[in-house]
Amino acid sequence: MVFGRNDRFDFSVPLPHLADATHVHFIAIGGSGMVGIAKLFLGYRRPDGSAITVTGSDRAESERVSDVREHGATVTIGQSAQTARDLPDGAWVVVSTAIREDNPELQVARERGLLILHRSQAIVVAMDGRAAIAVTGTNGKTTTSSMATVAMRACGLDPSFITGAAIGGIGASSGAGQGDYYVAEVDESDGSFVVYHPKVAIVTSIREDHLDFWGDLDTMFDGYVSFAETIQAGGLLAACADEVGSARLAQVARDRGIRTATYGHGAEADLQLTQELLGPKEWAATVRFADTGEEHRMSVQIPGAVNLMNAASVVLALSEGLGVARDRAVWAVGEFTSVKRRFELRGTPRGIRVIDDYAHNADKVAALVQTGVATKGDGKVIAVFQPHLFTRTQRFAQEFADAMAPADVAIVMDVAPSREDPIPGVTGAVIADRIVGTTALYTPTDDATIEAILEHAAPGDLVLLAGSGYVTTIVPRIVASLESGHLEPV
């Protein structure tokens, strides 16, 4: 493969119109990045009231599979060539990059000449001509896109949206509004973010990640430049001035005539954060617009200094990108309350707070642990992390170790492989062995993880569970075990 080039999909081809869809089939419909898209197609109605038939397949039953069935999809468990043979002529097939070319359904669909859409292309089609507010970057995409959705609703813009997790107060990760815009969390991992051609783009950060596709940071940066160049004429790039990669992108974009606004703590930022109040009960900052000196007090309902930065990006997107009054944009971000698996409280067994979070790269884990330390009170912070992908674990083992070190107890589970084959010698131990200055444990099984939590957790403590793998599925068992005081069965 050529790094930074997705040879499997042509992201430059014209896309079909939503009204032309009759049958749409999703391979791995229960995936976190697929179920929301499927529900957008399920909710569409033509002027005559007719609907689109939506089918899908997945390897196993799951909560998300049940959810999409309840919304009207027909889902087959197991993936086979026959499923694709049974699709009608003219059906569209939606896949993500995680679906390999040797997938039997995808192979037959290609052989039959059915239209294959990457999930990003399917999002654009489902949004039916609306203008995109696209949120990307190494960190903070889900929280920022969710916050933008809630803030735009508060301002009366009623956007459609597709995010990586269910938004608090809405209860869904996707939905069709009546407004002219949609908010999308767009994926940088495979280069597909170039399909959106947004009116407003937010770039939170550009750090080394997904090097299995990009190869190196320079190639990744070039990909972000290509993304910025797809912003509509007269649109806006909102970029973080505090982070080296996104600040560099802002400069390149300005040099190329792309309207750009930055946010951060320095005097060079167009929106400057000062006088921050960083917990434990209130998270707020004064934001100053550099062009006029106008100042407003901005507060957020979710903990973490990083979320003040996320809020600042949304303020810029709304005020400078969409023309919302600046004071109203600042107020609107404060209406956002939560998003699933972003510092989500899952229980308080025996006075022990259990937090579930999607943090899966080193920056996100560090921000999570730092927020935990800032909000823990008198108790301990027990951080539990499940690494995701063998290549990422191998490449960033020291960075993950450093991110975990501020916790009073650091527990590292085994690697969630996802789409990758194992790498000999790469387990959670390569992270745990590098953690210094605190109690560090490697727990290769779920039982060992729960037993370690039971050994160290006491009333008043804060347990942080982090990772994009299956760690979230054992949270109910962890809560039950902490409540009973002993290891509960599966």
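Just so it is clear, glycine is given a Cβ too, placed from its N, Cα and C backbone atoms.
In TrEMBL, annotation is done automatically, which means it is predicted and not curated.
Pulled from TrEMBL:
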type   : residues : note
DOMAIN : 23-128   : domain 'Mur ligase N-terminal catalytic'
DOMAIN : 135-317  : domain 'Mur ligase central'
DOMAIN : 341-469  : domain 'Mur ligase C-terminal'
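Confidence over the domain 'Mur ligase central' (135-317), given as mean pLDDT on the 0 to 100 scale, stands at 95. Residue counts for the domain 'Mur ligase C-terminal' (341-469) under DSSP (helix as H, G, I; strand as E, B; rest coil) come to 46 helix, 31 strand, 52 coil.
Helix, strand and coil counts from DSSP across the domain 'Mur ligase N-terminal catalytic' (23-128) read 39 helix, 25 strand, 42 coil.
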